[in-house]
Amino acid sequence: MSLFNARSAWTIYKQELMRAFRTAMQSILAPVLTTSLYFVVFGAAIGGRMQGGMDGVNYGAFIVPGLLLLTLLGESTSNASFGIYMPRFTGAIYELLSAPVGVAETLVGFVGAAATKSLILAAIILTTATFFVDYTIIHPVYALGFIILVSASFSLFGFILGIWADSFEKLSVVPMLILMPLTFLGGTFYSIQMLPEPWRTVAMANPVVYLVNGLRWTFYGSSDVSIGVSLGLTLAFLAACVALIAYIFRTGWRLRN
Amino acid sequence: MLDPILDIRGLTKTYPGGLTALGGVDLQIRKGEIFALLGPNGAGKTTLIGAVCGLVRPTGGTIHAFGEDMGKHWRTLRARIGLVPQELSTDMFEPVWRSVSHSRGLFGLPPDPARIEAILKSLSLWDKRNVQIRALSGGMKRRVLIAKAMSHDPELLFLDEPTAGVDVELRRDMWKQISEMRERGTTIILTTHYIEEAEEMADRVGIIRAGKILMVDEKDAMMKRLGRTEALISLAAPLAAVPEVLAAYPVALIEEGRKLCYRGGDGAGQGKTDVAEVTKALTRAGIDYTAIDIHESSLEDIFVDLVEGREALAGGAA
């Protein structure tokens with residue numbers, strides 16, 4: 001047996017995806033409904049009164065990347081965190097720990113499945129959006145790349161969260177109390193150029209600003225921060241998550257104690 | 001021991017809270033045997049199994065399986081080891097068939113429906129193959145966990161308290177299945193806190209207490225060494241001293257002479273014979289008694305004896 005057990009990784013991946021389809025109502029329908037409501041409330045009702053749109057883009061279309069990101073961050077994080085937390089909670093993780101499976105197989109399986117779910121969701125949301133607003137994607141290849149990058153990064157982040165959490169409360173605290181506010185304050189529904197100083201500068205400390213604007217650039221070719229900075233920071237976040245997970249597996253923290 | 005299938009040396013585990021679960025365990029397991037690890041709750045049985053199977057990171061010591069270092073070659077070695085945990089914990093929403101197939105894949109083996117079918121049939125789970133695990137009874141759930149552990153055909157199988165919470169009939173059934181696995185060539189290590197279970201199934205027995213292996217021996221020798229009969233004979237009238245006729249037996253007066261206590265035997269029936277002789281001797285001597293309470297010594301009694309024996313030995317040596 002080599003350094004990577006492909007069949008084991010594939011087994012975990014398949015199992016995790018199957019779990020998602022078992023709970024399709026919660027993992028697929030719910031986000032689609034939520035996003036549709038955002039479009040109705042923000043896009044149609046409020047957007048209709050926004051003369052001239054935002055940065056020259058119709059307001060309804062302007063919020064598409066932000067809304068997509070809102071869902072990607074939330075769902076990637078919660079899917080991956082639940083995926084690893086549940087077996088820890090029920091004790092079923094014994095099987096994974098006793099299997100000839102290391103950090104690489106575990107990540108490809110759990111994180112790969114969570115990221116795949118996010119990509120499916122992204123496709124559904126972008127399709128749903130066409131029913132409410134007209135939008136374009138100027139750089140489709142960059143957009144796809146960025147969506148994959150964000151899904152993978154936040155699935156990794158969720159995986160860490162699922163290993164760190166020792167209660168259901170902690171599991172939901174991070175998405176609800178940190179991720180959600182950061183996303184809402186990160187320019188999902190507005191351009192941070194609209195903010196008065198000092199809030200515009202303060203907003204630049206919010207990492208989600210770079211994610212939202214990176215994705216917005218791939219859609220409309222313009223944004224509040226440059227795409228290079230956005231990509232660089234997202235890649236750095238991804239690398240940090242991978243490093244942390246490698247460390248967790250080496251020490252066995254929260255897994256082998 | 002020549003080429004043990006499992007060779008544990010100086011294994012220690014101290015949990016972050018400071019609790020020492022294993023205090024230097026040495027244990028060698030022979031290929032093809034059923035080994036029973038006998039000990040009270042909290043003795044370190046589950047930690048010991050966890051350390052071998054990858055659930056617990058040992059603090060010190062070495063584990064060799066199939067002649068290779070588990071620390072270095074865990075990937076290849078773990079694929080040859082199976083574990084049935086004590087808790088009934090698995091994804092309860094999965095149907096039996098998929099759950100067992102999943103286990104095989106997780107251990108890196110290609111799908112083999114014929115093998116899965118054979119395993120499910122051998123455990124009488126075939127009729128339930130499309131049923132969600134949560135809908136099964138406790139005994140059936142445990143069989144699913146056994147099926148999962150067997151799905152990758154392990155050469156070394158750990159069963160952590162396989163009959164905990166299982167009724168008497170199922171327990172017999174489980175014993176039979178474990179014997180069958182052994183006949184197919186699987187080496188089996190099981191933990192239990194029932195002496196009868198160790199006695200029924202094991203080739204060899206190891207006794208663990210407070211994270212230390214107290215002794216390891218062939219089952220028959222162990223039972224002979226540890227088996228003790230205790231009899232309490234309530235006397236009609238208190239005695240001042242043990243009657244002369246009983247001098248040859250391990251008896252003592254307790255409760256101010258109102259009861260005669262016998263403690264002895266060899267776990268192979270000698271104790272009961274002795275007690276019968278004692279009562280006859282009492283009758284012959286005209287000493288009346290009102291009740292006889294006789295029982296085999298419990299695991300706890302054995303541990304107390306063992307520990308006291310050790311301390312006495314240590315004291316004698318000093």
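Including glycine, each Cβ sits where the backbone N, Cα and C put it.
As given in TrEMBL:
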{"type": "DOMAIN", "residues": "A:22-252", "note": "domain 'ABC transmembrane type-2'"}
{"type": "TRANSMEM", "residues": "A:28-50", "note": "transmembrane segment"}
{"type": "TRANSMEM", "residues": "A:56-73", "note": "transmembrane segment"}
{"type": "TRANSMEM", "residues": "A:93-113", "note": "transmembrane segment"}
{"type": "TRANSMEM", "residues": "A:119-137", "note": "transmembrane segment"}
{"type": "TRANSMEM", "residues": "A:144-165", "note": "transmembrane segment"}
{"type": "TRANSMEM", "residues": "A:171-190", "note": "transmembrane segment"}
{"type": "TRANSMEM", "residues": "A:225-249", "note": "transmembrane segment"}
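Residues of the same chain lying 6 or more positions beyond the ends of the transmembrane segment (A:56-73) and with a Cβ under 8 Å from any Cβ of it are 31, 34-35, 38-39, 42-44, 46-47, 50, 118, 121-122, 125-126, 129, 132-136, 147, 150-151, 154, 179, 183, 187-189, 191, 208, 211-212, 215-216, 218-220, 222. For the transmembrane segment (A:225-249), the neighbouring stretch richest in Cβ pairs under 8 Å, chosen from A:93-113, A:144-165, A:171-190, is A:144-165. Long-range contacts of the transmembrane segment (A:144-165) within the same chain, counting only residues at least 6 positions beyond its ends with a Cβ under 8 Å from a Cβ of the stretch, are 68-69, 72-73, 76-85, 88, 107, 110-112, 114-115, 118-119, 122, 171, 174, 211, 214-215, 218, 230-231, 234-235, 237-238, 241-242, 244-245, 248, 253-255. For the transmembrane segment (A:93-113), same-chain residues at least 6 beyond its ends with a Cβ under 8 Å from one of its own Cβ atoms are 1, 3-5, 8-13, 15-17, 20, 79-80, 83-84, 87, 152, 155-156, 159, 242, 245-246, 249, 255-256.
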